[in-house]
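If you check TrEMBL, you get these features:
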- 131-422: domain 'NADH:quinone oxidoreductase/Mrp antiporter transmembrane' (DOMAIN)
- 6-22: transmembrane segment (TRANSMEM)
- 34-55: transmembrane segment (TRANSMEM)
- 75-102: transmembrane segment (TRANSMEM)
- 114-131: transmembrane segment (TRANSMEM)
- 167-187: transmembrane segment (TRANSMEM)
- 216-238: transmembrane segment (TRANSMEM)
- 250-274: transmembrane segment (TRANSMEM)
- 280-301: transmembrane segment (TRANSMEM)
- 308-330: transmembrane segment (TRANSMEM)
- 377-400: transmembrane segment (TRANSMEM)
- 412-434: transmembrane segment (TRANSMEM)
- 455-473: transmembrane segment (TRANSMEM)
Amino acid sequence: MNFPWLLLILSTPLIATVLLFIPKKYVVFKDNQIALYSSLITLLFVIVVALQFDINSNSATQFDISFDWIPIFGISFHLGLTGISLVLVGLTAVLTPIVLLATEHEVQKKNKEFLMWILLTQACALAVFLARDLFLFYVVFEAMLIPIFFLVGRFGGPRRSTAALKFLLFGLAGGLVMLAAVIWLYFVGASQLGRGTFSITALSNELSIDTWTERWLFLGFFFAFALKAPMVPGHTWLPDTAEQATPGTSTMLIGILDKVGTYGMLAILLPIFPNASREFAPAIIGLAVFGIIYGALVAIAQKDMKRTFAYISISHFGFIVMGIFSFTSIGMLGSMVYMVAHGISTAGLFLTAGYLIRQKDNSLINSFGGLTKVAPVMTGFFLISSLASIALPGLAGFVAEFMVLTGTFQRYPIPAIIATLAIILAAIYMLWLYQRVFTGAEEKESKNIVDLNKKQILILSPIVVLTILFGLYPAPVVKIAEQAVSNTMTYVGAVDPQPLIGKAVNP
(Lines of atoms letter the chains of each structure in order from A and count residues from 1; the text may use other names and numbers.)
(Lines give C-alpha, C1' and ligand atoms only; values in the text may rest on other atoms or scores of the structure.)
Protein backbone atom coordinates (compact mmCIF):
# COMPACT_ATOMS: atom_id res chain seq x y z
CA MET A 1 0.00 0.00 0.00
CA ASN A 2 3.02 2.30 0.46
CA PHE A 3 4.21 1.86 -3.11
CA PRO A 4 3.68 5.17 -5.01
CA TRP A 5 1.12 3.81 -7.44
CA LEU A 6 -0.77 7.09 -7.72
CA LEU A 7 2.42 8.96 -8.59
CA LEU A 8 3.13 6.41 -11.32
CA ILE A 9 -0.40 6.76 -12.69
CA LEU A 10 -0.10 10.55 -12.80
CA SER A 11 3.46 10.74 -14.11
CA THR A 12 3.13 8.23 -16.98
CA PRO A 13 1.30 10.56 -19.42
CA LEU A 14 3.60 13.42 -18.40
CA ILE A 15 6.71 11.36 -19.15
CA ALA A 16 5.20 10.34 -22.49
CA THR A 17 4.64 14.02 -23.31
CA VAL A 18 8.34 14.69 -22.79
CA LEU A 19 9.31 11.67 -24.89
CA LEU A 20 7.31 13.05 -27.82
CA PHE A 21 9.79 15.89 -28.17
CA ILE A 22 13.01 13.90 -27.86
CA PRO A 23 14.84 13.73 -31.24
CA LYS A 24 13.83 10.69 -33.27
CA LYS A 25 17.32 9.22 -33.31
CA TYR A 26 17.10 8.67 -29.55
CA VAL A 27 13.59 7.15 -29.53
CA VAL A 28 12.64 3.76 -30.95
CA PHE A 29 8.88 4.32 -31.08
CA LYS A 30 6.76 6.58 -33.28
CA ASP A 31 4.76 9.42 -31.76
CA ASN A 32 1.44 7.56 -31.89
CA GLN A 33 3.06 4.51 -30.31
CA ILE A 34 4.51 6.55 -27.45
CA ALA A 35 1.11 8.06 -26.67
CA LEU A 36 -0.73 4.75 -26.98
CA TYR A 37 1.76 2.69 -24.96
CA SER A 38 1.82 5.27 -22.17
CA SER A 39 -1.99 5.21 -21.96
CA LEU A 40 -1.96 1.41 -21.81
CA ILE A 41 0.69 1.48 -19.08
CA THR A 42 -1.46 3.95 -17.15
CA LEU A 43 -4.42 1.62 -17.55
CA LEU A 44 -2.31 -1.27 -16.25
CA PHE A 45 -1.33 0.73 -13.16
CA VAL A 46 -4.97 1.64 -12.53
CA ILE A 47 -5.99 -2.02 -12.77
CA VAL A 48 -3.29 -2.95 -10.24
CA VAL A 49 -4.54 -0.28 -7.84
CA ALA A 50 -8.18 -1.29 -8.34
CA LEU A 51 -7.36 -4.90 -7.48
CA GLN A 52 -5.68 -3.77 -4.24
CA PHE A 53 -8.36 -1.25 -3.31
CA ASP A 54 -10.18 -2.18 -0.09
CA ILE A 55 -13.87 -1.55 -0.72
CA ASN A 56 -14.68 -2.12 2.97
CA SER A 57 -12.14 0.33 4.36
CA ASN A 58 -13.48 3.16 6.52
CA SER A 59 -10.42 5.33 5.90
CA ALA A 60 -11.04 8.55 3.99
CA THR A 61 -8.46 7.74 1.32
CA GLN A 62 -6.14 4.94 0.26
CA PHE A 63 -2.73 4.79 -1.47
CA ASP A 64 -1.93 8.26 -0.09
CA ILE A 65 1.14 10.17 -1.21
CA SER A 66 1.77 13.46 0.56
CA PHE A 67 4.66 15.86 0.95
CA ASP A 68 4.96 19.55 1.70
CA TRP A 69 4.63 21.84 -1.28
CA ILE A 70 4.24 25.35 0.17
CA PRO A 71 4.36 24.60 3.91
CA ILE A 72 4.08 28.23 5.03
CA PHE A 73 0.47 28.18 3.79
CA GLY A 74 -0.23 24.57 4.73
CA ILE A 75 -0.24 23.50 1.08
CA SER A 76 0.82 19.94 0.32
CA PHE A 77 1.10 17.76 -2.76
CA HIS A 78 -1.37 15.17 -1.54
CA LEU A 79 -2.75 12.42 -3.74
CA GLY A 80 -5.27 9.93 -2.43
CA LEU A 81 -7.88 7.53 -3.70
CA THR A 82 -11.50 7.17 -2.66
CA GLY A 83 -14.11 4.90 -4.17
CA ILE A 84 -15.57 7.88 -6.03
CA SER A 85 -12.24 8.95 -7.50
CA LEU A 86 -11.23 5.38 -8.39
CA VAL A 87 -14.31 5.00 -10.58
CA LEU A 88 -13.47 8.17 -12.54
CA VAL A 89 -9.75 7.42 -12.70
CA GLY A 90 -10.72 4.06 -14.17
CA LEU A 91 -13.01 5.72 -16.73
CA THR A 92 -10.19 8.08 -17.75
CA ALA A 93 -7.70 5.23 -18.07
CA VAL A 94 -10.06 3.15 -20.20
CA LEU A 95 -11.23 5.86 -22.60
CA THR A 96 -7.87 7.51 -23.34
CA PRO A 97 -6.24 4.62 -25.29
CA ILE A 98 -9.49 4.10 -27.22
CA VAL A 99 -9.50 7.79 -28.17
CA LEU A 100 -5.85 7.63 -29.23
CA LEU A 101 -6.50 4.61 -31.44
CA ALA A 102 -9.70 5.99 -32.94
CA THR A 103 -8.15 9.38 -33.73
CA GLU A 104 -4.88 8.10 -35.18
CA HIS A 105 -5.60 9.83 -38.49
CA GLU A 106 -7.85 12.57 -37.13
CA VAL A 107 -5.11 15.18 -37.47
CA GLN A 108 -2.90 15.14 -40.56
CA LYS A 109 -0.62 18.01 -39.55
CA LYS A 110 0.98 18.77 -36.19
CA ASN A 111 0.18 15.28 -34.95
CA LYS A 112 2.86 15.52 -32.25
CA GLU A 113 1.20 18.59 -30.77
CA PHE A 114 -2.23 16.95 -30.90
CA LEU A 115 -0.95 13.89 -29.02
CA MET A 116 0.76 16.11 -26.46
CA TRP A 117 -2.47 17.92 -25.63
CA ILE A 118 -4.44 14.65 -25.43
CA LEU A 119 -1.89 13.24 -22.96
CA LEU A 120 -1.93 16.45 -20.92
CA THR A 121 -5.73 16.29 -20.86
CA GLN A 122 -5.48 12.79 -19.43
CA ALA A 123 -2.89 13.90 -16.87
CA CYS A 124 -5.05 16.82 -15.73
CA ALA A 125 -8.10 14.59 -15.38
CA LEU A 126 -6.16 12.05 -13.32
CA ALA A 127 -4.65 14.77 -11.13
CA VAL A 128 -7.97 16.44 -10.35
CA PHE A 129 -9.57 13.12 -9.37
CA LEU A 130 -6.60 12.18 -7.17
CA ALA A 131 -5.94 15.56 -5.51
CA ARG A 132 -6.65 15.63 -1.77
CA ASP A 133 -5.33 19.15 -1.21
CA LEU A 134 -7.82 21.85 -2.15
CA PHE A 135 -5.15 24.20 -3.50
CA LEU A 136 -3.72 21.42 -5.67
CA PHE A 137 -7.25 20.61 -6.82
CA TYR A 138 -7.82 24.23 -7.81
CA VAL A 139 -4.52 24.47 -9.71
CA VAL A 140 -5.31 21.37 -11.78
CA PHE A 141 -8.96 22.44 -12.15
CA GLU A 142 -7.71 25.58 -13.91
CA ALA A 143 -4.80 23.92 -15.72
CA MET A 144 -7.06 21.51 -17.58
CA LEU A 145 -8.50 24.45 -19.50
CA ILE A 146 -5.21 24.77 -21.38
CA PRO A 147 -5.06 21.46 -23.31
CA ILE A 148 -8.72 21.62 -24.38
CA PHE A 149 -8.29 25.26 -25.43
CA PHE A 150 -5.47 24.29 -27.79
CA LEU A 151 -7.13 21.07 -28.96
CA VAL A 152 -10.17 23.07 -30.03
CA GLY A 153 -8.37 26.23 -31.13
CA ARG A 154 -5.65 24.49 -33.15
CA PHE A 155 -7.41 21.43 -34.55
CA GLY A 156 -11.11 22.31 -34.60
CA GLY A 157 -13.54 23.44 -37.28
CA PRO A 158 -13.93 26.77 -39.11
CA ARG A 159 -15.15 28.63 -36.00
CA ARG A 160 -12.65 26.96 -33.69
CA SER A 161 -11.12 30.19 -32.39
CA THR A 162 -14.44 31.57 -31.19
CA ALA A 163 -15.45 28.25 -29.61
CA ALA A 164 -12.08 27.84 -27.87
CA LEU A 165 -12.21 31.38 -26.50
CA LYS A 166 -15.76 30.92 -25.23
CA PHE A 167 -14.74 27.67 -23.53
CA LEU A 168 -11.77 29.41 -21.91
CA LEU A 169 -13.75 32.43 -20.70
CA PHE A 170 -16.46 30.29 -19.11
CA GLY A 171 -13.80 28.15 -17.44
CA LEU A 172 -11.88 31.16 -16.15
CA ALA A 173 -15.07 32.76 -14.82
CA GLY A 174 -15.82 29.66 -12.77
CA GLY A 175 -12.21 29.35 -11.70
CA LEU A 176 -11.97 32.94 -10.47
CA VAL A 177 -15.08 32.56 -8.34
CA MET A 178 -13.72 29.30 -6.95
CA LEU A 179 -10.36 30.95 -6.19
CA ALA A 180 -12.10 33.60 -4.10
CA ALA A 181 -13.99 30.85 -2.25
CA VAL A 182 -10.80 28.80 -1.72
CA ILE A 183 -8.97 31.80 -0.21
CA TRP A 184 -11.94 32.67 2.00
CA LEU A 185 -12.21 29.05 3.16
CA TYR A 186 -8.49 29.04 3.98
CA PHE A 187 -8.87 31.99 6.36
CA VAL A 188 -12.00 30.47 7.91
CA GLY A 189 -10.05 27.28 8.56
CA ALA A 190 -7.05 29.15 9.93
CA SER A 191 -9.19 31.09 12.41
CA GLN A 192 -10.95 27.94 13.65
CA LEU A 193 -8.15 25.38 13.58
CA GLY A 194 -5.29 27.66 14.52
CA ARG A 195 -3.42 26.68 11.37
CA GLY A 196 -3.82 27.19 7.67
CA THR A 197 -4.71 24.04 5.77
CA PHE A 198 -6.03 23.02 2.37
CA SER A 199 -6.48 19.37 3.31
CA ILE A 200 -9.86 18.27 1.95
CA THR A 201 -10.14 15.64 4.69
CA ALA A 202 -9.37 18.14 7.47
CA LEU A 203 -11.74 20.75 6.03
CA SER A 204 -14.49 18.12 5.85
CA ASN A 205 -13.98 16.71 9.35
CA GLU A 206 -12.85 19.61 11.52
CA LEU A 207 -14.58 22.78 10.34
CA SER A 208 -17.81 24.20 11.72
CA ILE A 209 -18.69 27.17 9.54
CA ASP A 210 -21.37 29.72 10.45
CA THR A 211 -24.51 29.60 8.33
CA TRP A 212 -24.03 32.84 6.39
CA THR A 213 -20.40 32.12 5.50
CA GLU A 214 -21.14 28.52 4.53
CA ARG A 215 -23.88 29.62 2.15
CA TRP A 216 -21.61 31.98 0.24
CA LEU A 217 -18.70 29.55 0.14
CA PHE A 218 -21.03 26.83 -1.11
CA LEU A 219 -22.34 29.08 -3.88
CA GLY A 220 -18.80 29.99 -4.94
CA PHE A 221 -17.76 26.37 -5.37
CA PHE A 222 -21.10 25.34 -6.84
CA PHE A 223 -20.89 28.08 -9.48
CA ALA A 224 -17.56 26.73 -10.71
CA PHE A 225 -18.69 23.09 -10.66
CA ALA A 226 -22.03 23.88 -12.35
CA LEU A 227 -20.26 25.67 -15.21
CA LYS A 228 -17.94 22.71 -15.65
CA ALA A 229 -20.69 20.08 -15.45
CA PRO A 230 -22.34 21.89 -17.43
CA MET A 231 -25.68 22.84 -15.91
CA VAL A 232 -28.28 25.11 -17.47
CA PRO A 233 -28.00 28.13 -17.73
CA GLY A 234 -24.19 27.97 -17.72
CA HIS A 235 -24.12 25.39 -20.50
CA THR A 236 -23.85 27.52 -23.63
CA TRP A 237 -20.13 26.94 -24.14
CA LEU A 238 -20.55 23.18 -24.62
CA PRO A 239 -22.56 22.96 -27.89
CA ASP A 240 -20.24 25.44 -29.62
CA THR A 241 -17.14 23.65 -28.36
CA ALA A 242 -18.43 20.20 -29.28
CA GLU A 243 -19.43 21.37 -32.76
CA GLN A 244 -15.98 22.77 -33.55
CA ALA A 245 -13.84 20.20 -31.72
CA THR A 246 -12.63 16.98 -33.30
CA PRO A 247 -14.54 13.85 -32.21
CA GLY A 248 -11.55 12.72 -30.14
CA THR A 249 -11.36 16.06 -28.33
CA SER A 250 -15.11 16.01 -27.66
CA THR A 251 -14.80 12.51 -26.20
CA MET A 252 -12.05 13.62 -23.81
CA LEU A 253 -13.98 16.77 -22.88
CA ILE A 254 -17.53 15.45 -22.47
CA GLY A 255 -16.69 11.83 -21.65
CA ILE A 256 -14.08 12.64 -19.00
CA LEU A 257 -13.36 16.28 -18.10
CA ASP A 258 -16.95 17.42 -17.65
CA LYS A 259 -17.23 14.81 -14.89
CA VAL A 260 -14.93 17.05 -12.83
CA GLY A 261 -17.91 19.29 -12.12
CA THR A 262 -20.12 16.53 -10.77
CA TYR A 263 -17.15 14.90 -9.02
CA GLY A 264 -16.48 18.19 -7.24
CA MET A 265 -20.09 18.37 -6.07
CA LEU A 266 -20.04 14.84 -4.67
CA ALA A 267 -16.51 14.66 -3.27
CA ILE A 268 -15.84 18.24 -2.16
CA LEU A 269 -19.00 20.37 -2.01
CA LEU A 270 -21.14 18.04 0.10
CA PRO A 271 -18.52 17.00 2.69
CA ILE A 272 -17.17 20.51 3.34
CA PHE A 273 -20.49 22.39 3.20
CA PRO A 274 -23.09 19.87 4.44
CA ASN A 275 -25.61 22.34 5.87
CA ALA A 276 -25.64 24.58 2.82
CA SER A 277 -25.86 21.51 0.60
CA ARG A 278 -29.05 20.42 2.34
CA GLU A 279 -30.45 23.95 2.28
CA PHE A 280 -29.87 24.50 -1.45
CA ALA A 281 -30.71 20.94 -2.52
CA PRO A 282 -34.36 21.59 -3.52
CA ALA A 283 -33.36 24.54 -5.73
CA ILE A 284 -30.54 22.54 -7.33
CA ILE A 285 -32.86 19.59 -7.92
CA GLY A 286 -35.27 21.95 -9.66
CA LEU A 287 -32.47 23.40 -11.79
CA ALA A 288 -31.29 19.89 -12.68
CA VAL A 289 -34.78 18.81 -13.75
CA PHE A 290 -35.11 21.93 -15.88
CA GLY A 291 -31.76 21.07 -17.51
CA ILE A 292 -32.90 17.50 -18.16
CA ILE A 293 -36.02 18.58 -20.03
CA TYR A 294 -34.42 21.61 -21.70
CA GLY A 295 -31.44 19.63 -22.99
CA ALA A 296 -33.69 16.92 -24.39
CA LEU A 297 -36.04 19.37 -26.13
CA VAL A 298 -33.24 21.41 -27.69
CA ALA A 299 -31.49 18.21 -28.82
CA ILE A 300 -34.56 17.37 -30.90
CA ALA A 301 -34.28 20.69 -32.76
CA GLN A 302 -30.59 20.43 -33.68
CA LYS A 303 -29.37 20.14 -37.27
CA ASP A 304 -25.80 19.17 -36.40
CA MET A 305 -24.87 15.75 -35.00
CA LYS A 306 -22.20 17.00 -32.63
CA ARG A 307 -24.45 19.73 -31.23
CA THR A 308 -27.13 17.09 -30.73
CA PHE A 309 -24.69 14.97 -28.72
CA ALA A 310 -23.78 18.03 -26.64
CA TYR A 311 -27.39 18.79 -25.68
CA ILE A 312 -27.98 15.11 -24.93
CA SER A 313 -25.06 15.33 -22.49
CA ILE A 314 -26.52 18.46 -20.90
CA SER A 315 -29.71 16.50 -20.25
CA HIS A 316 -27.74 13.55 -18.89
CA PHE A 317 -25.71 15.73 -16.53
CA GLY A 318 -29.00 16.95 -15.11
CA PHE A 319 -29.72 13.36 -14.06
CA ILE A 320 -26.28 13.07 -12.46
CA VAL A 321 -26.72 16.28 -10.45
CA MET A 322 -30.24 15.27 -9.44
CA GLY A 323 -28.95 11.97 -8.07
CA ILE A 324 -26.18 13.67 -6.11
CA PHE A 325 -28.53 16.11 -4.38
CA SER A 326 -31.22 13.52 -3.76
CA PHE A 327 -29.27 12.69 -0.57
CA THR A 328 -30.13 9.03 -0.87
CA SER A 329 -27.65 6.19 -1.19
CA ILE A 330 -29.27 4.77 -4.31
CA GLY A 331 -29.46 8.22 -5.92
CA MET A 332 -25.80 9.06 -5.27
CA LEU A 333 -24.64 5.62 -6.36
CA GLY A 334 -26.83 6.01 -9.43
CA SER A 335 -24.99 9.23 -10.24
CA MET A 336 -21.67 7.37 -10.09
CA VAL A 337 -22.99 4.65 -12.38
CA TYR A 338 -24.44 7.35 -14.65
CA MET A 339 -21.06 9.09 -14.99
CA VAL A 340 -19.46 5.87 -16.20
CA ALA A 341 -22.36 4.94 -18.48
CA HIS A 342 -22.40 8.43 -19.98
CA GLY A 343 -18.66 8.31 -20.62
CA ILE A 344 -18.99 5.00 -22.45
CA SER A 345 -22.00 5.97 -24.58
CA THR A 346 -20.54 9.40 -25.37
CA ALA A 347 -17.33 7.81 -26.59
CA GLY A 348 -19.33 5.45 -28.77
CA LEU A 349 -21.40 8.25 -30.31
CA PHE A 350 -18.58 10.71 -30.97
CA LEU A 351 -15.98 8.21 -32.18
CA THR A 352 -18.36 6.27 -34.44
CA ALA A 353 -19.78 9.48 -35.87
CA GLY A 354 -16.22 10.74 -36.21
CA TYR A 355 -15.40 8.08 -38.79
CA LEU A 356 -18.46 9.23 -40.72
CA ILE A 357 -17.89 12.97 -40.35
CA ARG A 358 -14.25 12.81 -41.49
CA GLN A 359 -15.29 11.28 -44.81
CA LYS A 360 -17.51 14.25 -45.69
CA ASP A 361 -15.89 16.91 -43.51
CA ASN A 362 -19.41 17.73 -42.41
CA SER A 363 -21.55 16.93 -39.37
CA LEU A 364 -24.90 18.28 -40.59
CA ILE A 365 -27.61 15.67 -40.19
CA ASN A 366 -29.30 16.40 -43.52
CA SER A 367 -26.03 15.73 -45.35
CA PHE A 368 -26.45 12.03 -44.69
CA GLY A 369 -29.13 9.46 -45.31
CA GLY A 370 -29.63 5.79 -46.06
CA LEU A 371 -26.25 4.76 -44.68
CA THR A 372 -27.55 1.36 -43.59
CA LYS A 373 -27.04 0.09 -47.12
CA VAL A 374 -23.50 1.39 -47.65
CA ALA A 375 -22.18 1.22 -44.06
CA PRO A 376 -24.06 -1.52 -42.17
CA VAL A 377 -21.29 -2.12 -39.61
CA MET A 378 -21.02 1.57 -38.76
CA THR A 379 -24.80 1.64 -38.48
CA GLY A 380 -24.73 -1.20 -35.96
CA PHE A 381 -22.07 0.41 -33.79
CA PHE A 382 -23.89 3.75 -33.77
CA LEU A 383 -27.22 2.09 -32.97
CA ILE A 384 -25.81 0.33 -29.90
CA SER A 385 -24.38 3.57 -28.50
CA SER A 386 -27.63 5.38 -29.33
CA LEU A 387 -29.71 2.82 -27.46
CA ALA A 388 -27.33 3.00 -24.50
CA SER A 389 -27.69 6.78 -24.52
CA ILE A 390 -31.48 6.54 -24.20
CA ALA A 391 -31.09 4.00 -21.36
CA LEU A 392 -32.41 0.89 -23.09
CA PRO A 393 -32.67 -1.99 -20.57
CA GLY A 394 -29.64 -4.25 -20.77
CA LEU A 395 -27.25 -1.51 -21.90
CA ALA A 396 -25.14 1.02 -20.01
CA GLY A 397 -27.41 3.83 -18.89
CA PHE A 398 -30.55 1.96 -17.88
CA VAL A 399 -29.48 0.93 -14.39
CA ALA A 400 -27.99 4.37 -13.76
CA GLU A 401 -31.14 6.22 -14.79
CA PHE A 402 -33.33 3.83 -12.80
CA MET A 403 -31.22 4.30 -9.66
CA VAL A 404 -31.18 8.09 -9.96
CA LEU A 405 -34.94 8.31 -10.51
CA THR A 406 -35.65 5.84 -7.69
CA GLY A 407 -33.38 7.66 -5.26
CA THR A 408 -34.78 11.06 -6.15
CA PHE A 409 -38.38 9.83 -5.92
CA GLN A 410 -37.79 8.72 -2.31
CA ARG A 411 -37.17 12.32 -1.25
CA TYR A 412 -38.41 14.52 -4.12
CA PRO A 413 -41.21 12.61 -5.92
CA ILE A 414 -42.53 15.45 -8.11
CA PRO A 415 -39.14 16.37 -9.67
CA ALA A 416 -38.49 12.66 -10.27
CA ILE A 417 -41.81 12.27 -12.08
CA ILE A 418 -41.13 15.33 -14.25
CA ALA A 419 -37.62 14.06 -15.07
CA THR A 420 -39.13 10.77 -16.21
CA LEU A 421 -40.59 12.62 -19.20
CA ALA A 422 -37.05 12.84 -20.55
CA ILE A 423 -37.21 9.09 -21.26
CA ILE A 424 -39.82 9.77 -23.94
CA LEU A 425 -37.91 12.78 -25.26
CA ALA A 426 -34.71 10.72 -25.40
CA ALA A 427 -36.36 8.16 -27.65
CA ILE A 428 -37.51 10.98 -29.93
CA TYR A 429 -34.20 12.83 -30.30
CA MET A 430 -31.96 9.80 -30.67
CA LEU A 431 -34.11 7.54 -32.80
CA TRP A 432 -35.07 10.45 -35.04
CA LEU A 433 -31.38 11.26 -35.51
CA TYR A 434 -30.67 7.62 -36.27
CA GLN A 435 -33.53 7.44 -38.75
CA ARG A 436 -32.45 10.55 -40.67
CA VAL A 437 -28.78 9.59 -40.90
CA PHE A 438 -28.91 5.84 -41.36
CA THR A 439 -32.35 4.72 -42.51
CA GLY A 440 -33.74 7.80 -44.23
CA ALA A 441 -33.74 8.61 -47.92
CA GLU A 442 -30.33 7.86 -49.41
CA GLU A 443 -28.36 10.97 -50.35
CA LYS A 444 -26.27 10.92 -53.52
CA GLU A 445 -23.05 11.53 -51.60
CA SER A 446 -23.85 8.71 -49.18
CA LYS A 447 -22.87 6.21 -51.85
CA ASN A 448 -19.27 7.33 -51.41
CA ILE A 449 -19.22 6.59 -47.68
CA VAL A 450 -16.85 3.76 -46.76
CA ASP A 451 -17.85 1.39 -43.97
CA LEU A 452 -15.65 0.65 -40.96
CA ASN A 453 -12.62 -1.48 -41.78
CA LYS A 454 -11.30 -4.31 -39.63
CA LYS A 455 -8.97 -2.07 -37.65
CA GLN A 456 -11.70 0.45 -36.90
CA ILE A 457 -14.06 -2.35 -35.87
CA LEU A 458 -11.40 -3.64 -33.50
CA ILE A 459 -10.90 -0.17 -32.03
CA LEU A 460 -14.61 0.44 -31.39
CA SER A 461 -15.38 -3.08 -30.19
CA PRO A 462 -14.27 -2.42 -26.57
CA ILE A 463 -16.89 0.33 -26.34
CA VAL A 464 -19.62 -2.07 -27.48
CA VAL A 465 -18.40 -4.73 -25.05
CA LEU A 466 -18.33 -2.23 -22.18
CA THR A 467 -21.78 -0.93 -23.14
CA ILE A 468 -23.26 -4.40 -22.87
CA LEU A 469 -21.26 -5.67 -19.88
CA PHE A 470 -21.81 -2.53 -17.84
CA GLY A 471 -25.50 -2.60 -18.70
CA LEU A 472 -25.83 -6.17 -17.46
CA TYR A 473 -23.41 -5.98 -14.53
CA PRO A 474 -22.75 -2.51 -13.04
CA ALA A 475 -22.04 -4.03 -9.61
CA PRO A 476 -18.25 -3.37 -9.62
CA VAL A 477 -18.78 0.40 -9.80
CA VAL A 478 -21.46 0.24 -7.12
CA LYS A 479 -19.26 -1.82 -4.78
CA ILE A 480 -16.23 0.43 -5.27
CA ALA A 481 -18.16 3.67 -4.65
CA GLU A 482 -20.53 2.39 -1.95
CA GLN A 483 -18.37 3.13 1.09
CA ALA A 484 -17.38 6.57 -0.20
CA VAL A 485 -21.02 7.43 -0.84
CA SER A 486 -21.88 6.19 2.66
CA ASN A 487 -19.20 8.52 4.07
CA THR A 488 -20.66 11.41 2.08
CA MET A 489 -24.14 10.63 3.44
CA THR A 490 -22.66 10.76 6.94
CA TYR A 491 -20.99 14.12 6.24
CA VAL A 492 -24.28 15.72 5.19
CA GLY A 493 -26.24 13.99 7.94
CA ALA A 494 -28.58 12.30 5.48
CA VAL A 495 -30.43 9.07 6.18
CA ASP A 496 -32.18 7.03 3.51
CA PRO A 497 -35.96 7.44 3.66
CA GLN A 498 -37.94 4.34 4.64
CA PRO A 499 -38.21 1.76 3.29
CA LEU A 500 -34.49 1.27 2.75
CA ILE A 501 -33.69 -0.14 -0.66
CA GLY A 502 -32.19 -3.60 -0.50
CA LYS A 503 -32.37 -3.87 3.31
CA ALA A 504 -34.87 -5.45 5.63
CA VAL A 505 -36.82 -3.05 7.79
CA ASN A 506 -37.53 -4.12 11.34
CA PRO A 507 -41.14 -3.63 12.44
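Our numbering is plain: 1 for the first residue shown, then up by one each step along the chain.
Backbone N, Cα and C atoms are what each Cβ position is placed from, and that goes for glycine too.
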Please work out whether the transmembrane segment (75-102) lies in contact with the transmembrane segment (250-274), by counting C-beta pairs under 8 angstroms that are 6 or more apart in sequence and asking whether there are at least 3. yes
Taking residues 6+ outside the transmembrane segment (250-274), which of them lie with a CB under 8 Å of any CB in it? 82, 84-85, 88, 91-92, 95-96, 99, 118, 121-122, 124-125, 128-129, 134, 137, 141, 144, 148, 151, 185, 200, 203-204, 207, 209, 214, 217-218, 221-222, 224-231, 238, 241-242, 306, 309-310, 313, 317, 320-321, 324-325, 332, 335-336, 339, 342-344, 346-347, 350-351, 484, 487-488, 491-493
Decide whether the stretches the transmembrane segment (412-434) and the transmembrane segment (455-473) have at least 3 CB pairs under 8 angstroms, with pairs required to be 6 or more apart in sequence. no
